[in-house]
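Report on one structure; see the data block that follows.
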Amino acid sequence: MTNDQTSHTVAVIGLGYVGCVSAGCLAHMGHRVIGVDVNGTKVQLINEGLPTIIEEGIASLIMEQSGKGRLSATTDLSLALEQSDICMICVGTPSNKHGEPDLSHLWSVARQIKEAIAKRDRFLTVVVRSTVPPGTGSAIESVLAKSGKRVGLDFAVVSNPEFLREGSSVEDYFNPPYTLLGTGNETALTALRRVYGGVRAPIVETDREIGEMIKYVNNSYHALKVVFANEIGAVSHSLGIDPRKVMELFCLDRQLNVSSAYLNPGFAYGGSCLPKDVRAIASIARSLNVETAVLPAIERSNAMHIDRALELIAAEGLTRIGVLGLAFKKGTDDLRESPIVKLLERLIGKGYDIRIHDRNVEDSRLIGANKEYMESVVPHLIRLMEPDLEKLKRHSDLIVVAQKNEQYIEFVHNALDTKIVIDLVGISDSLTGFNNYKGLLW
């Protein structure tokens, strides 16, 4: 709960699902809230102390805060903004017939805010709670700037995505994983830190575009989990296996399965296990006549990622290349289905002059399966191995980092003075910002 020194007057624009919950919860935290909607029926409901949605806990919240005089509503956005320090845009952004987000309601609101702030003499924090594509906040700023007000000095646009689930949205509002504020504007941040001071979650401050992107990432991943579990369920069921027990066991692994493992953008997967097992489960589904879309798409997506690396290298127009790492990851000499081997095969086929360094994959140390693999599958790569990093650097105009091995960091730092470096794995954040450094996805 806030006190008078930390409370704000907040205009909540759009009284649908997100707006109604946000308005009620903000008022409960001690702020004065003015709901705004073009729908007069919704406005009337709020003013009568009634919610605009059916949701656990929201009816009592709206009635209580309306009765205390903290929550009211109007159809007049300009009137609401005259009284507000902060406005929160909570309008819907549904899909159009092409699957694109329909931002027409958002742009209508932006134009109305532009008109309303033209004569305003104090700072306005514009918070976008609606789910919008990255770059939308910048476009809203451009609209508002046509009022004659200055971006960053008279107003700021902040990405503040909501993480509410239908059925538990009031509980979720007060207990999110974090509160995300996408802006670098200190005036806006100061105000919003106060607004969310009563929420039991850390406040994370980030770039606005990251704030806009994260909601799409979250929901896409949630949908992917549902589809993945259902495809595994379909295959398991066809085999006479209880998929619920399979997924229960799957979820017990908190080190790899239900964790942050494998969720950093980098290069393609490879090795002796993932490629063959992904193909195997897709083939099992086919043999059972179980139609799946996600499982067979995994291998195709991985191949497309190797294509991205090839395109990035080719775009430099340099043909003398030094490659750091050949095995599919550090700490191993396993070359089976290494994505860098696949990439090098294609580069060699295009005439690139390549040298490779990998201490674990030197010809003199190869034994057993890997020696047989090199001699039978990629014998020409043996001749391209260069154990001396300085010789590799002298040979190369372009260095490709293909393995997240700490031993290469200092070498890459030194090479950046004279060489282009393409990093496929994100070897070190300390390299970002150098003119000659290019990351695969960063």
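Quick reminder: no glycine exception, Cβ is built from N, Cα and C everywhere.
Database features, via TrEMBL:
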type	residues	note
BINDING	D37, K42, T93, T131, E166, K276, R336	NAD(+) binding site
BINDING	F163, L164, R165, E166, K215, Y262, L263, N264, P265, G266, G270, K329	substrate binding site
ACT_SITE	C273	active site, nucleophile
DOMAIN	322-430	domain 'UDP-glucose/GDP-mannose dehydrogenase C-terminal'
Determine how many residues of the domain 'UDP-glucose/GDP-mannose dehydrogenase C-terminal' (322-430) DSSP places in helix, in strand and in coil.
49 helix, 17 strand, 43 coil
Go through the binding-site residues T93, T131, R165, E166, K215, R336 and tell me which ones have a CA within 10 A of the CA of C273 (active site, nucleophile).
R336
Look up K276 (NAD(+) binding site) in the DSSP assignment and reduce it to helix, strand or coil.
helix
Please report the DSSP secondary structure of K42 (NAD(+) binding site), reduced to three states.
helix
Can you grab the distance from L263 (substrate binding site) over to K42 (NAD(+) binding site)? Cα atoms, rounded to a whole Å.
42
Specify the nearest of the binding-site residues D37, T93, T131, K276, R336 to F163 (substrate binding site), where nearness means the distance between Cα atoms.
T131
Rank aside, I only need the closest one: which of the binding-site residues T93, K276, R336 has its C-alpha nearest to that of R165 (substrate binding site)?
T93
State which of the following recorded positions has the fewest other Cβ atoms within 10 Å around its Cβ: L263, C273.
L263
Sort out for me which one of K276, R336 has the most neighbouring CB atoms within 10 A, since those are the binding-site residues we care about.
R336
Between the Cα atoms of T93 (NAD(+) binding site) and G270 (substrate binding site), what distance do you get, rounded to the nearest Å?
39
Return the residues near D37 (NAD(+) binding site), defined as same-chain residues 6+ apart in sequence whose C-beta is under 8 angstroms from its C-beta, sorted by sequence, else 'none'.
I13, G14, L15, G16, G19, V43, T52, A73, T75
Out of P265, G270, which of the binding-site residues is least crowded by other Cβ atoms within 10 Å?
P265
Cβ-Cβ neighbours of T131 (NAD(+) binding site) (radius 10 Å):
18
